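Feature list (source: TrEMBL):
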type	residues	note
BINDING	ASN108, HIS113, GLU118	oxalate binding site
BINDING	HIS111, HIS113, GLU118, HIS157	Mn(2+) binding site
DISULFID	CYS31-CYS50	disulfide bond
DOMAIN	64-209	domain 'Cupin type-1'
SIGNAL	1-21	signal peptide
Amino acid sequence: MSPKVTVLLVIFSLHCHTTLASDPDPVQDFCIPDTRSGTVRTTQFDILPCKNSIKVTPEDFVFSGIKSPGNFSDTGLSAVPVNPTNFPGLNTLGMSLVRADLKVGAINAPHFHPRATEIAYVVQGRVYSGFVDSANRVFAKVIEKGEVMVFPRGLVHFQMNVGKLPATVFGSFNSQNPGNHKIASAIFGSGINDELLEKAFGMNAKQIGMMRRRFIPKSRVRS
């Protein structure tokens, strides 16, 4: 096999892998969901039909919900997601966004996005940012205003405000539904067997209970 053919095959295989790993390509210019028409049931999920393009307006492609921070968590993080749920203009375009604000010393705890790579842009502040690869190597450094860092798809990543002022970060995803798995919540806030967790982490039942009370969803506690 000639070198040129080999290179072409490699490029083709990479292209196929990339295509399969991303959101489906749109088959039209845009698709603003028509919430008045009701959902259409498919074999996997409910979808909304597209609004008639004649009825689409410029307002459908503008979102003003990230002008200011949202509510802050106990860790000092405010995250305002921007996706087709609150910004219908993104529907079928294969991308989404998040505004993250961190108080001084606040963290964005280790988590990962199973369906998207993320590019984080620091609008203001100094943020210790990084990710862990599949060999457990940490790639981390402090990034400042005007700098970006990429978090590869599916890899655990994290952020901490190490500056003396609040920090703001915009994150962009190559999926309209990147998903967000928070490590601690997934482990201690789910229904994984206590004995398994004790053996996995070398913790006793009391310690497991303390972690569960911290990370179990409040809605589940109320129920």
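Sequential numbering from 1, following the chain as shown.
Including glycine, each Cβ sits where the backbone N, Cα and C put it.
TrEMBL: automatically predicted annotations, no manual curation.
Positions of TrEMBL features highlighted on the structure.
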residue	record	contacts (Cβ under 8 Å, 6+ apart)
CYS31	disulfide bond	CYS50, LYS51, ASN91, THR92
ASN108	oxalate binding site	THR75, LEU77, ALA79, ALA100, LEU102, PHE158, GLN159, MET160
HIS111	Mn(2+) binding site	VAL156, HIS157, PHE158, ASN180, HIS181, LYS182, ILE183
HIS113	oxalate binding site	PHE151, ARG153, GLY154, PHE173, SER175, PRO178, GLY179, ASN180, HIS181
GLU118	oxalate binding site	VAL150, PHE151, HIS157, GLY171, SER172, PHE173, PRO178
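Counting other CB atoms no more than 10 Å from each candidate's CB, the recorded positions CYS50, HIS157 peak at HIS157. Apart from ASN108, HIS113, GLU118, the residues listed for oxalate, the same chain places the Cβ atoms of VAL98, HIS111, PHE112, ALA120, PHE151, HIS157, GLY171, PHE173, PRO178, ASN180 within 8 Å of the centroid of those Cβ atoms. Those residues of the chain, other than HIS111, HIS113, GLU118, HIS157, with a C-beta within 8 angstroms of the mean position of the Mn(2+) site C-beta atoms are PHE112, ALA116, PHE131, PHE151, LEU155, VAL156, GLY171, PRO178, ASN180.
Note: the domain 'Cupin type-1' (64-209) comprises 22 helix, 59 strand, 65 coil (DSSP; helix = H, G, I, strand = E, B). Averaged over the domain 'Cupin type-1' (64-209), the predicted model reaches a pLDDT of 96.
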